[in-house]
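According to TrEMBL, the features are:
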DOMAIN    9-210  domain 'Phosphoribosyltransferase'
BINDING   R81, R106, D133, P134, M135, L136, A137, T138, G139, G140, S141, D202  5-phospho-alpha-D-ribose 1-diphosphate binding site
BINDING   I196, G201, D202, A203  uracil binding site
Amino acid sequence: MPNSKITIFDHPLIKHKISLLRDKNTGTKDFRTLIEEIATLMGYEALRDLPLENVEVETPICKTMSPMVSGKKLAIVPILRAGLGMVNGILALVPSAKVGHIGMYRDEVTHLPHEYYCKLPENIGERTIIVLDPMLATGGSAVDAVTLIKQRGGQHIKFMSIIAAPEGLKLLSETHPDVEIYCGNLDERLNENCYIVPGLGDAGDRIFGTK
Ligand code: PRP
Ligand code: URA
């Protein structure tokens, strides 16, 4: 799937932490911590082109103009519920970023996404937007979330998932070729219930301790 807009991470720390996430014996507390830590590690790379602005700083020697990240120009948009788990990991890097929310759930039978909530920061068209969801399975939720953001004026959109299936990566990159996609790992396939194999199970349930 050669596409310059897709980044699949090969950093050993990300690989190590994803293996811990996959383990069915990893409990809620550790699972949450790992999701956050992986989001921070991935965010470091995904935010490489963040806009900078020169601000005046006074060093012990003299005044100078020095570049700083303008958090006002960034919007983080988790897809509820599981995307929420990644928010603090990104805010650790850019604490003043604005946060929007998109609520989506997958129908258990059809596996199609249904939107139930959308609230985005103001001036969304002027911001770099990072959509967060740990799981990119069929890609339906990601595609619909990006479409919704575009309908509301969003233009510069990145999508970050911790685990992706080839099916979801293909659908998202073909439907929204302008979107930069960052995946912690590309897994093998989907199973008959559209869960990622080997995956990590249901991310929302594992983050929030439901089920
Ligand atoms: C999960 C996950 C994604 C979606 C991925 O959410 O967090 O949003 O499934 O599947 P897709 O790529 O096939 O659309 P789910 O619908 O289970 O909702 P939840 O986060 O509230 O549990
Ligand atoms: N959603 C999840 O949480 N896990 C999967 O494997 C697929 C969709």
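Cβ from N, Cα, C; glycine included.
As the structure is a computational prediction, the values presented were derived from the model and not from experiment.
Features per TrEMBL, on structure.
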{"residue": "R81", "record": "5-phospho-alpha-D-ribose 1-diphosphate binding site", "contacts (Cβ under 8 Å, 6+ apart)": "G204, I207, F208"}
{"residue": "D133", "record": "5-phospho-alpha-D-ribose 1-diphosphate binding site", "contacts (Cβ under 8 Å, 6+ apart)": "P78, I79, A82, G83, M86, S141, A142, A145, F159, M160, S161"}
{"residue": "M135", "record": "5-phospho-alpha-D-ribose 1-diphosphate binding site", "contacts (Cβ under 8 Å, 6+ apart)": "A82, S161, I162, I163, A164, I196, G199, L200, A203"}
{"residue": "A137", "record": "5-phospho-alpha-D-ribose 1-diphosphate binding site", "contacts (Cβ under 8 Å, 6+ apart)": "R106, H111, A165, E167, G168, L190, C194, Y195, I196"}
{"residue": "G139", "record": "5-phospho-alpha-D-ribose 1-diphosphate binding site", "contacts (Cβ under 8 Å, 6+ apart)": "A165, E167, G168, L169, K170, L171, L172, T175"}
{"residue": "G201", "record": "uracil binding site", "contacts (Cβ under 8 Å, 6+ apart)": "K24, Y195"}
{"residue": "D202", "record": "uracil binding site", "contacts (Cβ under 8 Å, 6+ apart)": "Y195, K211"}
Note to self: How many Å separate the two farthest-apart Cα atoms among the 5-phospho-alpha-D-ribose 1-diphosphate-binding residues R81, R106, D133, P134, M135, L136, A137, T138, G139, G140, S141, D202?
What the structure shows: 17
Notebook entry, point to check: Can you list the residues of the same chain, besides I196, G201, D202, A203, whose Cβ falls within 8 Å of the uracil site's Cβ centroid?
Noted result: M135, I163, Y195, G199, L200, G204, D205, R206
Note to self: Just to be sure I understand the contacts, which binding-site residues have a Cβ under 6 angstroms from any atom of ligand 2? Candidates are D133, M135, A137, G139, S141, I196.
What the structure shows: M135, A137, I196
Note to self: If the criterion is a C-beta within less than 6 angstroms of any ligand 1 atom, which of the binding-site residues G139, I196, G201 pass it? List them in sequence order.
What the structure shows: G139
Next item on the list: Determine, from DSSP, whether R81 (5-phospho-alpha-D-ribose 1-diphosphate binding site) sits in helix, strand or coil.
Entry: coil
